[in-house]
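Taken from TrEMBL, the feature active site, proton acceptor covers C:His236. The domain 'Mannose-1-phosphate guanyltransferase C-terminal' feature in TrEMBL is assigned to C:100-177.
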Amino acid sequence: MTAAELAERFALSVHGDAGAVVSGVATLAAARPHQLAFLANSKYRNQLPGSHAGIVVLRAEDAELAPHTALVARDPYSAFAKIAALFEPRPPRPAGIHPSAAIDDSAEVSPEAHIGPFVSIGARSKIGPGCVIGPNCSIGEDCSLDADCELQARVTLVARVRLGKRVRILPGAVLGAAGFGLAMEAGKWLNVPQLGGVVVGDDCEIGANTCIDRGALDDTVLEEDVRLDNLVQIGHNVRIGAHTAMAGCSAAAGSAKIGRYCLIGGAAGVLGHLEICDKVTITAMSLVTSSIREPGEYSSGTPLTDNRTWRKNAARFKQLDALARRVGASSKETE
Amino acid sequence: MTAAELAERFALSVHGDAGAVVSGVATLAAARPHQLAFLANSKYRNQLPGSHAGIVVLRAEDAELAPHTALVARDPYSAFAKIAALFEPRPPRPAGIHPSAAIDDSAEVSPEAHIGPFVSIGARSKIGPGCVIGPNCSIGEDCSLDADCELQARVTLVARVRLGKRVRILPGAVLGAAGFGLAMEAGKWLNVPQLGGVVVGDDCEIGANTCIDRGALDDTVLEEDVRLDNLVQIGHNVRIGAHTAMAGCSAAAGSAKIGRYCLIGGAAGVLGHLEICDKVTITAMSLVTSSIREPGEYSSGTPLTDNRTWRKNAARFKQLDALARRVGASSKETE
Amino acid sequence: MTAAELAERFALSVHGDAGAVVSGVATLAAARPHQLAFLANSKYRNQLPGSHAGIVVLRAEDAELAPHTALVARDPYSAFAKIAALFEPRPPRPAGIHPSAAIDDSAEVSPEAHIGPFVSIGARSKIGPGCVIGPNCSIGEDCSLDADCELQARVTLVARVRLGKRVRILPGAVLGAAGFGLAMEAGKWLNVPQLGGVVVGDDCEIGANTCIDRGALDDTVLEEDVRLDNLVQIGHNVRIGAHTAMAGCSAAAGSAKIGRYCLIGGAAGVLGHLEICDKVTITAMSLVTSSIREPGEYSSGTPLTDNRTWRKNAARFKQLDALARRVGASSKETE
């Protein structure tokens, strides 16, 4: 690809040699002359003058520093993402059903879908055109996949899971398992039947080994373009608003409602039966214990220190109320 | 089912039309005339008068508010759970072995068990009558499943895992993998062989993608009716008492002993080599760092606030010991 | 094995009957006369005199207390680990390819490798001699396994994963899935292509259901002898130094660099784009939010207390800055 071709395709402007050719992408530091790199974070600006990249995607104000050809973008990171996609290997997944697949007679598989080896598909489930079902996936009863979904490998859809268009699910994810619904009776646990399903909107992406339980009566719902990282836990009847992203190891307990355009940090938790409004950011490893009604960034936890300092301070945490009372008293005395 | 039939079957009393017929269950808010709903939490009492549910299961004191037929129960949630089970779809899992299954000659599979596609069963393992082994499960050597266990899909029992009766394991769970036992020698890690197994009592339920490691010398043990949610980690030689429930993403490190009837909250952690007595509740994301000898509810962590406030307070946490000393001094000075 | 044979093999000295014979290992408390036990932690010394173990591995200073034969070691735990390995069952995994396996024509599988049932191997991937690929594993495109790797069962290597020698991966782990790289454009998420791979050094071990994402441009790297427990999350472009161990449910976010000989506690988190130097210990459930440049032990969090006490203290955490200011003022007043 030449700089000119990329500029035209992605509405960028060329600064330097429009005929510069690249055949791949790399970081500013590692790129070689036939590769394209990007500069989005000013923290890395000092790497720009010495970069060997044949083309660098960057903001207008950095163009002068580029040692070779530059492509000027308003948002270099997005522009880079789109260019890099041109160089992404796309292993062929031709339409057709692997002979080993075990497909129920009542399932409907589009002739334009790819069904890999060791895949099972249960009664009444439907696989739309363009879908790719990788090796060792198991799809249970009454599931449906709209067009162009990808289940990469050993994804399990247990029952009543409905995916929109272009949903991508990474290996090991489990959707539609029974929610953790228990009642105690006479000293023993009684399972509360989980009769709902899971509904996943268009363009959602679900990370590796992530779990999304099916609802108890109503469905568990992800609106469109929700992004879940790896090892995320979504309890039954949770609802996640469009364009919300949850980082690795985060969790939302049963019946929590998370708004649109939220960012839930790694290993953060959201308790059940509460609501988070749109555009809320929760920082890593924070715990949300009550509803949030104002957009913004929220946190809990304490800062990391060396263990000896931490022990002294943590011991004082146990006395915090007493300390505050004492200060209150002391303060009054000195007034 | 008529109200009268349900009342007789589950020892409830009818308030209203004993001939009312339902063919499914739903929430109070969503139920239609042919459906049954329940009211257990008084928070939802205001939904009762307007509900279209043909039958509502509720407590005696709420019966007057029911717009249609009511079934009066001492514990409406348990009663509802049992009624809902009547309407739960039960996909057929007929006895027999799928032709694709790879079963060792020395394994013993009951003719009354269901073995799904792409299942492997290793040497000397035994599958009892009524067991359901779903697609892509792998069972290693020397495992045994007593009657009526269910491994839903791609569950792995690595080695020396013994399940009691009616154990249910959700997709992706791994039982019997080697515990994390390491010794450092001459600057390199040395594996400590994990020669024990995993013993799971009757009626336990294990969540999706949950891991239970096998013991180093003795076994890792779950007593009967233990309930583990998804993505839970149980280290080697842990012992969990009967009827204890652990919520999603919680973890117990090696050799921890957790009592009976405990509730471990989501993402809570229990360090190794300690004991928690019976009837202890640990709230979400709390960390248990020493033994607990008194029943009750325990917590750690700090409350969520907006990030700006949190930053100010968190910075002060680092000074907490100094602050307390100062208050001690100040307090003495003012005395 | 006789005490004399073990002593010679592992360079230990016998105290007592050199002809004592054992055929297995057990704990001090449970061992019977034909079993060998060990005493490494002085906490268990009181179990020694009453132990029925035929042989006990221990330190010189404990030898006199041994009721039967003792093997004296400088590091009894390491010595025990090596002896116990002699008694570890090693299920046969003969070389050869299970007839059900689906292997791409361009893949290269050593004739000395074992490929189990329901395994798929993608284009251009290479499996070295002595490798064991257990049931239901899926290996994608462009992966390579050097000699003597073990993928126990349903491990997934998505793409561009390169394993060194003797790498062991427990069931359910996912290596090489796309990292969580997103750019927001016009109100929608845009995937940033993840073009890098995963490189795992010799002698690494990866726990059950653990995830290691592939890099965005460069690779995600584990140096040699890294040990990851179960349910660990490693983001794209993370680098983990040799001999570092991470306990269950811990996580490192994208581009974090963790040094050599570090110990990351259970459920601890490391934010992205920071560096941790060699020989750092992070205690359980702590969060590392900035780079660490000094070896040592680090912690965050608050201690566990009964919930009532915790509530009072946690409420005061929200006032901590105000409290400190007040003490500052008060302190000045009293000066």
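Positions of Cβ are set from backbone N, Cα and C atoms, glycine also.
Across the domain 'Mannose-1-phosphate guanyltransferase C-terminal' (C:100-177), the model assigns an average pLDDT of 98. Counting every protein chain shown, the Cβ of the residue listed as 'active site, proton acceptor' has 26 other Cβ atoms within 10 Å. Across the range of the domain 'Mannose-1-phosphate guanyltransferase C-terminal' (C:100-177), the DSSP-based residue counts are 0 helix, 33 strand, 45 coil.
Secondary structure at C:His236 (active site, proton acceptor), taken from DSSP and collapsed to helix, strand or coil, is coil.
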